[in-house]
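The next block holds one structure in the form of structure tokens; read it before the comments.
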Amino acid sequence: MNLFEKLTNQMKETLDSAASLALHSSNQEISLAHIYWALLSNHQSVLNQALNKMNIDKTALELQARSEVDKLPKSSQVQKENLSISKELSSALNLAQGEAIKNGDSFIAVDMFLIANLKESTFVAIFKPLVDIAEFKKTLLSLRGESKIESQSGDDNLESLSKFGIDLTQKALENTLDPVIGRDDEINAMMQILIRKSKNNPILLGEPGVGKTAVVEGLAQRIVAKAVPTSLQNKKLIALDMSALIAGAKYRGEFEERLKNVVDEVKKAGNIILFIDEIHTIVGAGASEGSMDAANILKPALARGELHTIGATTLKEYRKYFEKDAALTRRFQPINVNEPSINEALQILRGIKPNLEAHHNVNITDAALVAAAKLSSRYITDRFLPDKAIDLIDEAAAELKMQIESEPLELSKIKKHIANLEVEKQALNMEKTNVNEARVLEIDKELENLREEKMSLEGKFEQEKSVFTRIATIKAELDSLKRESELAKRSGDYNKAAEIDYGKIPDIQAQEAALHKQWEEMQQNGTLLKNAVTQESIAGVVSRWSGIPIKKMLQSQKERILGIESELAKSVVGQDDAIKAIARAIKRNKAGLNDASRPIGSFLFLGPTGVGKTQCAKTLAEFLFDNAKSLVRIDMSEYMEKHAVSRLVGAPPGYVGYEEGGVLTEAIRRKPYSIVLFDEVEKAHPDVFNILLQVLDDGRLTDSKGVSVDFSNTIIILTSNIASDKIMEIGDKQERQKAVKEALKMYFKPEFLNRLDDVVVFNPLGLADITQIVDIMFKSLAKRALEKGINVTLSQEAREHIAQVGFDSVYGARPLKRALYEEVEDRLADLILRDEIKEGDRVNFALKNGEICTHIEKE
């Protein structure tokens, strides 16, 4: 058989790389120097793995290999097809074949090639100055272990666990894992299952972000600290990287071979617990025609108790994938990992705070941690604690770090101003006039002042930055010393631990305290930078994520909420009873007296057209969320047919539009803090009210995909013209309410009416109300005109005239808008388009002889 066919895939790839290097270097023959250069250039090669294990820098070795290549004879006419293998390389391959046979391998692997040629002159020339050859051989053999190369992909699977796994116990030993707080019950349950005789494989089930992986890291920390039962002491906890295991498996059977090698390695070691995160991925992984999936490879070892495995997945994926394989399911014992409470999440945040501070080089206040736990729980409803709270802290700290490392805003503004003045000065110097020369002198003075200010700010910025840099260096040093002390204690070197704890650490802490004191003194005089993450920083991040204005979360809302009635009355005229009813519900919510699981408020607005039902909803959105876009308006005339009702929650599976989601559910998922306006609700199909029952009662609605959408931070408003004739006809308030209730019973079921917080009746508008609305509408027009630089005024007589023209007791305020268009806006538009008025002019609208006329005051 051809020797080339006996090479492993890695050895073949090395030869190909060596051929490319020979071609690039204009060498006619592929030599051993090319082979060693190719191996050193490949980060994944067994040679580099061995060098990394020996802590040897490969840069110098690579340079040495290049210099050996440079010594080889060169040719100007080298073609790829003309390349040949040198005698030395051919001899080296034969030696490697002999070493492979002696070792029981069926194919020649890279490690056997290296071991066979340790005494070869080129190897000695490159490696001997920097590498202990005997130690190097030992390292290569330790990487191989007991494995035999039985296929061409065999050396891809050497030291499988180190390639495809992460040693969590080693990370715990190095103190690089975050502390695990408040998960004692789950860790104890996991240890209890692990020491059972059978079915001793725990599987952690919980929502994304509740801390399943952290529970496993907690076990690794306990193993290192010897705080586990005797049978679990000296165990190694290895996290299997499924993506690395699958990635690059080009040939059929290669994935199975890799996994089988991992299982065999775990069996041989005898003291390894395997952790598979997202364990549902093993069901079906690698399966194709004529091959097994990962689950079937693991089952026999799990059944015999040869493989200790901890799994972790979400409840949804466990049900969807894992439970389908009953044989696999029965080999695992479930442990539920529940979402921690706000107080538990706060304890977790306090535990990981030092690591976050060290990473970002900022201080994190305790108030920020409290804000992160509370605000994330209240405002980020589609994710889970503690993950969402940690994300808030992390992002706020990253934002602050970016500000520290970037140029301060004040300095940027001054630099920009200087640049603008320099450009202006250049332009003025090109046209010499007395005015220009005077302006140039002014610019020179201003530039002088600005440059002084710039230098002062730059000095201040550098001084502040240097303090931060020194604090960061000291924190890193302190962290390193604490780790060193911990390792010394574990290895029993108490003299070294005492020297660090009572000698070095106090010195470093004193330096840190001095720097903090220096920073506090600098803060008293005012600083450009800040180094503390505060509750305001956290609220800013929540504001960006959820769209809730920052001041709503942090300022005391008492005064604002107490003034809700006067605020609504500015835009909604003549509806005092309606405003009071809405204000009462919102005050109950803000005082924390209502049911937190239900919407903030749910109202049915009744009244004739044009009395302000929709306007009230818009004003409420503006008041509560500082944004009129927080109003989700659903026109119920679009849901008159039974088949259209499903659009609210999404089409059922198999129907067109299933992937798009529901009109209502998707809108609230994207903007959980909204006012939902169901306009003209009496036109909707009765099935719509069955959907609304769930929203009004539980504050939740499940869409067609089974996802629960939270409505607890919404205000539900339904408008209707039902009984508007009775509202217009009956003057007595009590009689009107009675008549309206009777009319409602004819349209809506009692269970729907019972779930509403209030039925609000809007009164018909009188002439006095219409006059007030003229003022509101005209203010809006005057504001738009002022943006164009035009002042507009309207006399009191003109206002009353427009109110009279636009008053209609049947149609409410809508005809008034048309009257204002005709009498004021149309005339103003003509004046602007005819260029009769310009920026800075004033236009007065007044009543003269029963008609509105205009008077223009030029600037």
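Using N, Cα and C of the backbone, Cβ positions are placed for all residues, glycine too.
Here's what Swiss-Prot has on this protein:
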BINDING   Gly206, Glu207, Pro208, Gly209, Val210, Gly211, Lys212, Thr213  ATP 1 binding site
BINDING   Gly607, Pro608, Thr609, Gly610, Val611, Gly612, Lys613, Thr614  ATP 2 binding site
COILED    390-524  coiled coil
DOMAIN    4-146  domain 'Clp R'
REGION    7-72  region 'Repeat 1'
REGION    85-146  region 'Repeat 2'
REGION    159-339  region 'NBD1'
REGION    340-547  region 'Linker'
REGION    557-764  region 'NBD2'
REGION    765-859  region 'C-terminal'
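Annotated features taken from Swiss-Prot, shown on the structure.
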residue : record             : CB count, 10 Å
Glu207  : ATP 1 binding site : 17
Pro208  : ATP 1 binding site : 13
Gly209  : ATP 1 binding site : 17
Gly211  : ATP 1 binding site : 29
Thr213  : ATP 1 binding site : 17
Gly607  : ATP 2 binding site : 27
Pro608  : ATP 2 binding site : 20
Thr609  : ATP 2 binding site : 14
Gly612  : ATP 2 binding site : 26
Thr614  : ATP 2 binding site : 18
Here the 10 Å Cβ neighbour count for Lys613 (ATP 2 binding site) comes out at 28
Gly612 (ATP 2 binding site) falls, by three-state DSSP, under coil
Across all protein chains shown, the one of the binding-site residues Val210, Val611 with the most other Cβ atoms within 10 Å of its Cβ is Val611
Residues of the domain 'Clp R' (4-146) by DSSP state, where helix covers H, G and I | 95 helix, 6 strand, 42 coil
Quick one: mean pLDDT on the region 'Linker' (340-547)?
-> 79
Check the Cα-Cα distances from Thr213 (ATP 1 binding site) to the binding-site residues Pro608, Gly610, Gly612, Lys613, Thr614 and tell me which is shortest.
-> Thr614
For Lys212 (ATP 1 binding site), the three-state class that DSSP assigns = helix
Across every protein chain in view, the count of C-beta atoms other than its own within 10 A of the C-beta of Lys212 (ATP 1 binding site) is 24
Where DSSP helix means H, G or I and strand means E or B, what are the helix, strand and coil counts for the region 'C-terminal' (765-859)?
-> 51 helix, 20 strand, 24 coil
Just the number: how many Å between the Cα atoms of Gly209 (ATP 1 binding site) and Thr614 (ATP 2 binding site)?
-> 40
Give the sequence-ordered list of residues that share a chain with Gly206 (ATP 1 binding site), lie 6 or more positions from it, and have CB atoms under 8 Å from its CB.
-> Lys212, Thr314, Leu315, Asn336, Val337, Asn338, Glu339
Closest of Thr609, Val611, Gly612, Lys613 to Glu207 (ATP 1 binding site), Cα positions, binding-site residues only | Lys613
Cβ-based neighbourhood (8 Å from the centroid) of the ATP 1 site, residues Gly206, Glu207, Pro208, Gly209, Val210, Gly211, Lys212, Thr213 excluded | Ala214, Thr314, Val337, Glu339, Phe384, Asp387
